[in-house]
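J.: Let me begin by handing over the structure; questions about it come next.
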Amino acid sequence: MLEKQSVNQKEQYNFNKLQKRLRRNVGQAIADFNMIEEGDRVMVCLSGGKDSYTMLDILQSLQKSAPINFSLIAVNLDQKQPGFPEDILPAYLDKQGVEYKIVEENTYGIVKEIIPEGKTTCSLCSRLRRGILYRTATELGATKIALGHHRDDILQTLFLNMFYGGKLKGMPPKLMSDDGKHIVIRPLAYCREKDIERFAVAREYPIIPCNLCGSQPNLQRQVIKDMLRDWDKQYPGRIETMFSAMQNVVPSHLNDHKLFDFKSITHDSDIIDGGDLAFDREALPLNPVGWQPEDDEDTEKRPPVRLDVLEIK
């Protein structure tokens with residue numbers, strides 16, 4: 001009995017620490033990018049996945065202690081996927097006491113009709129969803145649209161653009177929407193996916209899978225995701241260092257002449273951003289920048305995180 005109590009206490013301690021870390025990361029991102037302001041009405045896009053559930057949960061928690069007043073409204077787009085459990089999200093949101101709206105649009109049928117079997121559906125599906133969500137934000141009077149992309153999504157996008165698009169371009173934490181009418185924010189920008197996974201398991205969210213995304217195992221994004229996860233296992237701290245690099249860009253030491261005016265450098269110019277060692281090899285830190293091992297994380301002993309996903313028939 002005492003042993004069981006001890007285990008429960010340790011689990012609660014670890015959960016509290018995890019929740020505090022997520023709150024801290026979300027709060028820091030909101031502050032760094034001025035994501036939420038006094039009087040904002042934030043439309044939280046809720047897909048039924050672990051990321052959007054966690055985003056709504058943490059935003060609700062921060063709302064209670066924030067020095068500013070803002071409101072939240074959860075929005076789910078019912079894309080009419082066969083077997084989609086329409087009762088799950090309303091029941092969950094009613095229980096949480098969250099204002100919400102379910103938008104019904106048959107984007108699933110449109111995508112299936114237009115995209116040939118075996119081809120990637122993400123681009124069209126995303127474009128359709130985006131237009132519907134922008135329209136809904138206008139109807140609801142939302143001043144911000146919150147999406148559930150996290151730190152790992154941002155890094156994956158960076159590598160996708162480098163490997164396939166020839167660009168150093170990631171996923172911005174805050175941006176103006178395509179139609180020029182809405183501000184889109186990503187409050188989970190500083191949050192690790194593995195933290196979100198553990199939090200979702202502890203919270204026992206009713207996870208709803210996507211029949212479109214989940215049926216495409218060879219997507220380029222999945223390949224990048226697997227690569228980064230392998231790096232994280234083999235070289236602890238590498239992911240944190242790469243994300244730190246995205247926050248410490250030095251345009252004068254890249255090769256984009258549109259971003260930095262190399263032509264203006266003359267013998268009279270000052271040393272820019274520390275100059276360059278030119279003939280000497282730069283000394284690099286022994287430990288990864290931006291990484292600190294979590295004292296509650298014993299990755300060798302902890303079993304893999306498994307989310308309970310609802311079965312769609």
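Here the Cβ of each residue, glycine as well, is placed from N, Cα and C on the backbone.
Annotation source Swiss-Prot lists motif 'PP-loop motif' at 47-52, citing sequence analysis. Residues or ranges marked as [4Fe-4S] cluster binding site by Swiss-Prot on the basis of sequence analysis: Cys122, Cys125, Cys213. For 288-313, the entry in Swiss-Prot reads region 'Disordered'. The compositional bias 'Basic and acidic residues' feature in Swiss-Prot is assigned to 299-313.
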J.: When you measure from the Cβ of Cys125 ([4Fe-4S] cluster binding site), how many other Cβ atoms are you left with inside 10 Å?
T.: 19
J.: Mean pLDDT across the motif 'PP-loop motif' (47-52), rounded to an integer, is what?
T.: 95
